[in-house]
Structures are given as C-alpha cells and as structure tokens.
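J.: Here's the feature list from TrEMBL:
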BINDING   Arg23, Glu82, Lys122, Lys439  (6S)-5-formyl-5,6,7,8-tetrahydrofolate binding site
DOMAIN    218-365  domain 'TrmE-type G'
BINDING   228-233, 247-253, 272-275  GTP binding site
BINDING   Ser232, Thr253  Mg(2+) binding site
Amino acid sequence: MTARDTIFAPATPAGRGGVAVLRLSGPGAGPALAALTRRPLPAPRVATLAELRDPADGAPLDRGLVLWFPGPGSYTGEDVAELHLHGGRAVTRGVIEALSRLDGLRPAEPGEFTRRAFQAGKLDLTEAEAVADLVDAETRAQRLQALRQLGGALGRLYEGWRAGLMRALAMTEAALDFPDEGLPPDLAAEAEALVAEVSAAIADHLDDAGRGERLRDGVHIAILGPVNAGKSSLLNALARRDAAIVSDRPGTTRDVVEVALDLRGFPVVLADTAGLRDTADEIEAEGIRRSHRRAAEADLRLVIRDAAAAAPSDPALGPGPDVIRVANKIDRAPDAVLAPDEIAISVRSGAGLDRLLDALAEAVERRLTGDGSPALTRARHRAALLDAADALARVPSAPLPELAAEDLRLALRALGRITGRVDVEDMLDLLFGSFCIGK
Ligand SMILES: Nc1nc2c(ncn2[C@@H]2O[C@H](COP(=O)(O)OP(=O)(O)OP(=O)(O)O)[C@@H](O)[C@H]2O)c(=O)[nH]1
Ligand SMILES: [K+]
Ligand SMILES: [Mg+2]
C-alpha cells in the first residue's frame, strides 16, 4: 500500500446555513482532528462537542460536534473525520484554510469520497451511481429507485448473471483442459442451460421499455391538439407558472416549450406544442412539424380539443394506448358530447383538472413500474448489456469450444464493466478450485 493523500471537502452546500459538515478521509484525518481539537481522538462514531482551533496559531475557529470513524469501517474504508460546524462562510473558510496548511491534506476532487469507497470495495459502480442519483433525486419515485440501487439490488442482479456465466465458462474451459476425456455430457448441458438462462434474463431486462432510465430522466408527455384548444393554458396550469404564452390568437405557440414536473411523486417532462392546422405560414408550418416529431417521440400523448369543436381529424391525434384525450373549455360548453375515454376539463375554472392529474399519474406509473424487479437505470448499463447479449448469442453456435469460451469471456467482461468487477481470471481460479471434474 502506498501512502495516500488525505482529502477534505464540505459535505453540505456552500453559503449560510444552520450546520455545515466538513469531511476528511485518509491517513491524515486522525492527526488533523487531534490537531484541530488539541486532544486525543474521541471515541469512534460518537458525536463529541469540541473547541476547534487553528493548529498553526491557536486562533479559535468554531465550537461544534466532531465524529471519528476509524477505517476500514467507514464510508471510504479509510480513516474518516467529520466536523459539524456552524454554517457560516467565515467559519467554513477558516477551517478549510487551517486544514490546507496541514501536511498531506488537500481539497477533494468531485466524487472522490465515493471513488475511494468504490476502490475500497465498499460500493460497486451501480451503487456509486445510485449515490449520485440519490443526491439528484427530485421525486419520491426517483428516491425509491436510487435507494434500491444503493442497497445493491441492481448490482446483485448483474453479479448473479456473472456468477452463472462464470460457471458456464469454467465448464467450457474444463473441456479444453481435458480434451481426451471431453466434457461429461451433463456438464455440457448445464453450461448450455446457464447461457440460455442468462441470455433470456438479459433480454427481458433490456426489453423493459427504458423504465428505469425514464424514472431518472422523466416520462415525456406531449400536449397536442388543434390551435386554440388551450394547450399552453393547460401546460401553465399544470406547471403552476406562465411557462408558455397564451392568447386568443390561433397559432400562438411555435416552439416546443418543456417543463419538468413532479407529478404525484413521478418525474415527468411536459411539452407544449404548436397547434395542428393547415397553414401557409412557413414558421408556423415548421412549428407543426416539430409538434409531429414530438408526438412520435413522447412516451404519452395528451390530446386536447375545444369541447365545443369536433374531435380533431389529424391522425397524430387519434386514440391509442399511450393517449389521454381531453375536452377543454367545458365552462363554455357544459352540454358537449364526449367520447367515453375523454376527460372533460376547464383550465379556466379548474374543473376536471384533478381527474386529469389522476389519469396522468396512473399512466405514468404504469409506464414506470414493471414487475417490481430492479430496472435498468443508465445508458451505460444498456450498452454493456447489449455487448454481453451479442457475445452470448454467438455461444450456442460456436464452431469450437475455444471460441465459445472467448465469447463467454467477452460477455463476462461486459457485465463486469457495469459493476466495476472485471477480475475474470481471479474468479475463474476460485471457481476452478472448487470445481470437481475428476482431476
Ligand atoms: N373559456 C375558456 N377559455 C379557455 C380555456 N382554456 C384556455 N382558454 C382560452 O383559449 C385561448 C387559447 O388558449 P391557448 O392556451 O393559447 O391555446 P393553445 O392551444 O396553446 O393555442 P395555440 O398555441 O395557438 O395552438 C386563450 O384565450 C385562453 O385564455 C378554458 O378552459 N375555458
Ligand atoms: K392560442
Ligand atoms: Mg399554445
């Protein structure tokens, strides 16, 4: 082991606040804490009140709680100290300056605490990503997904597949090592079954329609309809602010206007679009092309019409599985005839908006919750899983066991990239050790 820098950084946002937490990690954390408090280290993991003074000149810095987490039982696996300071700029700056003057201490790079935790084997990469997701989570559903991933659910799923493939590889390699005897037929069958099982599981996981990624980024909902139906008015009502221009002039909206929302705990990105109609205006026509594009890309389409007008004839506005249909302005047309699936609303009076929100939330939830198994959450994972699936697809028809083994290795390496465990050879040694094939 080489001696490492000791890093420190505020764990709370800069600026004024009740409490600011400063964290230190590395071999110098203990000596630094002792130097600041001028006493022996406190009992591990017990919040202890202490006077903090500048080790250089004894100038008082703050009075606050300090915590001591000796490695390896800490977040980073190293010695960690935490200072709970009064949350003022001068206090934090003073302590940071004092720490900077100590030998072997330096400010942490972004993500460096979690990076050290990963290197110490405290977290796999999916869990490290979950830490970032949890910090960024803005809705209840995002928080729950990140917590599940942080708990290792996703990493365990991928590691489970890796273990299965590792076994299949060990069996295939055994056939190479003992060519005279050949692989006992039951082992060959088991290896084949393992590969088929993992391939099917990966295909299922890839096929979940981007559920987890959607939960991170938001479900995309496009508001579509004829001019003046009240699309922009509805966007503003749902966003509770004047995000889009509303006017009684048909063709007001030209550009797509997006608003990110927390919809009953689910993240959505709502897009207002240009009203659909035949037009000679070039700019409006471009806006309408963008509406059509948005309609095609959206996860859900919210199609809105004026209740007093006929249902729109544009095929982009027809019914469909991902369409929610709305008749607006019922304040002006209380006796309007509605289709069975249409929700009557008035953006002006607020009537029906709760029912619309219920319907939207239900559609979004359906889109986001699959069978409850951990969802694929990142494009990075998807790319690696596609690589693994490609390699596995070649295994059953490999003309030589050497080539099957090579493809299994490729698949293992791809899966290992997701969790950050790429030690195929080590694991193979271990497996071989426990693997009884008669020699
Ligand atoms: N009476 C009534 N008027 C409404 C209602 N909702 C919107 N409006 C009015 O309808 C007109 C058009 O509203 P917009 O929100 O601009 O309609 P739009 O669908 O975005 O129109 P374009 O962008 O031109 O396609 C405005 O004058 C709104 O005030 C409603 O529920 N009742
Ligand atoms: K309008
Ligand atoms: Mg508009």
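The backbone N, Cα and C atoms fix where each Cβ goes, and this holds for glycine too.
For each feature listed, report its degree of burial, its nearest neighbours and the pertinent distances within the displayed model.
T.: Cβ neighbour count for Arg23 ((6S)-5-formyl-5,6,7,8-tetrahydrofolate binding site): 21 (other Cβ atoms within 10 Å of its Cβ, all protein chains included).
Around the Cβ of Lys231 (GTP binding site), 33 further Cβ atoms fall within 10 Å across all displayed protein chains.
Thr253 (GTP binding site) falls within neither a helix nor a strand when secondary structure is assigned with DSSP, and so counts as coil. Within 10 Å of the Cβ of Thr253 (GTP binding site) there are 22 other Cβ atoms, across all protein chains.
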J.: Please check each of the binding-site residues Arg23, Glu82, Lys122, Thr253 and report the ones with a CB atom less than 6 Å from an atom of ligand 1, ordered along the sequence.
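T.: Within range of ligand 1: Thr253.
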J.: Please classify the secondary structure at Ser232 (Mg(2+) binding site) using three-state DSSP.
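T.: Helix, per DSSP.
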J.: Could you break down the residues of the domain 'TrmE-type G' (218-365) into DSSP helix, strand and coil, giving a count for each?
T.: 41 helix, 38 strand, 69 coil
J.: Given the binding-site residues Arg23, Glu82, Ser247, Thr253, return the subset with CB under 6 A from an atom of ligand 2, ordered by sequence, or none if empty.
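T.: Only Ser247 meet the Cβ criterion.
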J.: If the criterion is a C-beta within less than 6 angstroms of any ligand 3 atom, which of the binding-site residues Arg23, Glu82, Lys231, Ser232, Pro250, Thr253 pass it? List them in sequence order.
T.: Lys231, Ser232, Thr253
J.: Cα-Cα, whole number of Å: Ser232 (Mg(2+) binding site) versus Lys122 ((6S)-5-formyl-5,6,7,8-tetrahydrofolate binding site)?
T.: 49
